[in-house]
Amino acid sequence: MKVIIVKDNVEGGKEGYKLFADAKKNGATTFGLATGSTPITTYQEIIKSDLDFTDSISINLDEYVGLPEDSDQSYDYFMHENLFNAKPFKHSYLPNGRAADLEAEAKHYDQIIEDNPIDLQILGIGRNGHIGFNEPGTPADSTTHKVSLTQSTIDANARFFEHEEDVPRYAISMGLASIMKSKHILIEAYGEDKADAIKGMIEGPVTTDLPASVLQNHDNVTVIIDEAAASKLSNK
C-alpha cells in the first residue's frame, strides 16, 4: 500500500483528485464511487476541475434498502447533489435498493461490474473497518449482497436522519471480492476515530474481523489519511 499522510481532508481531497485526473489521463473509463462525508472533498476538487466524465461510467458501492425513490437520504440523491449534477457521467450505476428481488438485483449488479471493470475505486472506511457495507464477518469472496447493518453503522449514519429509527437496517453492497477486482483502489480516512481501523488495515493481520484488511492482498492501493487517522501507525 502507498500511504499519503496529509494535513486535513481538504489537502486529502486535492490528493484524491490527482488520482482521478491521472486515471483519466491514462485512459480510465470506469470509476467506482463511494458516499459519506469522506470523499466529499475529492468530489469538490473534481467539480472545480475541467475533468469531463461524459464518456465515462460510474459504479457506486452501495445503497440503502427500502428508502422511497424521492428520499434525500438515498445514495442516489447524495451522488447527484455532490457530484453528478455538476459532473455527469455517460452512465451511472447504483444498486436498486427498492428492487422486489434483491438477490436478482445483486446478480445483475455483479454482471455490470463484470462488463465494466473498474479502473479506480474510491473507498472510505468505517470505525469497525467496514468498506462499502461489508461489515465484520463478511467473507473475502463475497460478491454483491444484501447486508444487515450493525448497530455501530446505524449509529454512525443516524446523524443524517431526523430520527434514529428512520435509519435503514439493510443495504445492498458490492462485496469484498467485487471491490478487489478494481485495478486501483483509493481509500481515504480522516480523524482520530478512524485510527484503529487504519492501523488494522495496514499493519494488522488479514482477517474478516476487519474487512478492510483484505486490501493488503491487492497490489495497487493508495491510502490518503490525515495525521489523526495515521496516529496509531508504527511506521509513518
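Positions of Cβ are set from backbone N, Cα and C atoms, glycine also.
Just so you know, the Cβ of ASP62 (active site, proton acceptor) picks up 23 other Cβ atoms within 10 Å once every protein chain is counted. The feature active site, proton acceptor is assigned by Swiss-Prot to ASP62 (among others), with sequence analysis given as support.
The active site, for ring-opening step annotation in Swiss-Prot covers ASN128 (among others). ASN128 (active site, for ring-opening step) carries neither a helix nor a strand DSSP state and counts as coil. Within the same chain, residues at least six positions away from ASN128 (active site, for ring-opening step) with a Cβ under 8 Å of its Cβ are GLU135, PRO136, THR150, SER152, THR153, ALA197, LEU210.
Per Swiss-Prot, the feature active site, proton acceptor maps to HIS130 (among others); the stated evidence is sequence analysis. For HIS130 (active site, proton acceptor), the same-chain residues 6+ apart in sequence whose C-beta sits under 8 angstroms from its C-beta are PRO136, THR138, THR150, THR153, PRO211, ALA212.
Residues or ranges marked as active site, for ring-opening step in Swiss-Prot (evidence: sequence analysis): GLU135 (among others). GLU135 (active site, for ring-opening step) is surrounded by 21 other CB atoms, counting those within 10 A of its CB over all protein chains shown.
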